[in-house]
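I have placed the structure first, in the form of structure tokens, so that the comments after it can refer back to it.
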Amino acid sequence: MNSQFAGLTREACVALLASYPLSVGILAGQWIALHRYLQQLEALNQPLLHLDLMDGQFCPQFTVGPWAVGQLPQTFIKDVHLMVADQWTAAQACVKAGAHCITLQAEGDIHLHHTLSWLGQQTVPVIGGEMPVIRGISLCPATPLDVIIPILSDVEVIQLLAVNPGYGSKMRSSDLHERVAQLLCLLGDKREGKIIVIDGSLTQDQLPSLIAQGIDRVVSGSALFRDDRLVENTRSWRAMFKVAGDTTFLPSTA
């Protein structure tokens, strides 16, 4: 699935990634069924796998380390979100393990520019070649949006968390919409070439209004695996974007 990214420029990779509106939080499923999930997602032409790496220090939970990135099949696009105390070390390890997209927390590192600049020089393997590492910045619900201004030219993905990582306390829908509007206003003419992502315990009912506002992608985990209906739920969530006409992505009928 990721062979179409081989040899593309950073700008072309971002444009192609923007056509995929869903990143699947693969760690939310039952790990014993991981092989089945991956087969189902491949049949659906769903290349983006989202992995939350938590170290128990940045937030209370502990999930997996960079080693887990390398355990996933190379055919997928590995979308890694770092929620760790030492983002520099983790980012290097994730690149070595084959992460294609790496999103840092704005609150997690005083040396964001250094880490993002380094990531901008890295490439990772895909089927048939290599692609540049795509860089993202993520913000907790209470983090001022203007912290991203100095690094806007160093990121391709801007991710707004709708929950407080590790705690599960969610933003009110009205507050989330206001935050999206504020981000779009902040970006202004710099909106082009940026993928805006919402991550955190969204329901399908929330999607239409967020899509209408102009977001590009959502990250979803538990909602997609609910009732052991990954295929049906993935199709349904992706169809919300297709109906809205927000992307050129066409869900597979497999």
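Each Cβ is built from the backbone N, Cα and C atoms, and glycine gets one as well.
Owing to the predicted nature of the structure, the values given are computational and were not obtained by experimental measurement.
Swiss-Prot lists Gly166, Tyr167, Gly168, Ser169, Asp199, Gly200, Ser201, Gly221, Ser222 as substrate-binding residues, and of the candidates His81, His100 the one it assigns to that same site is His81. In the three-state DSSP assignment, the secondary structure recorded for Asp52 (divalent metal cation binding site) is strand.
Of Tyr167, Gly200, Gly221, all annotated as binding-site residues, the residue with the shortest Cα distance to His50 (divalent metal cation binding site) is Gly221.
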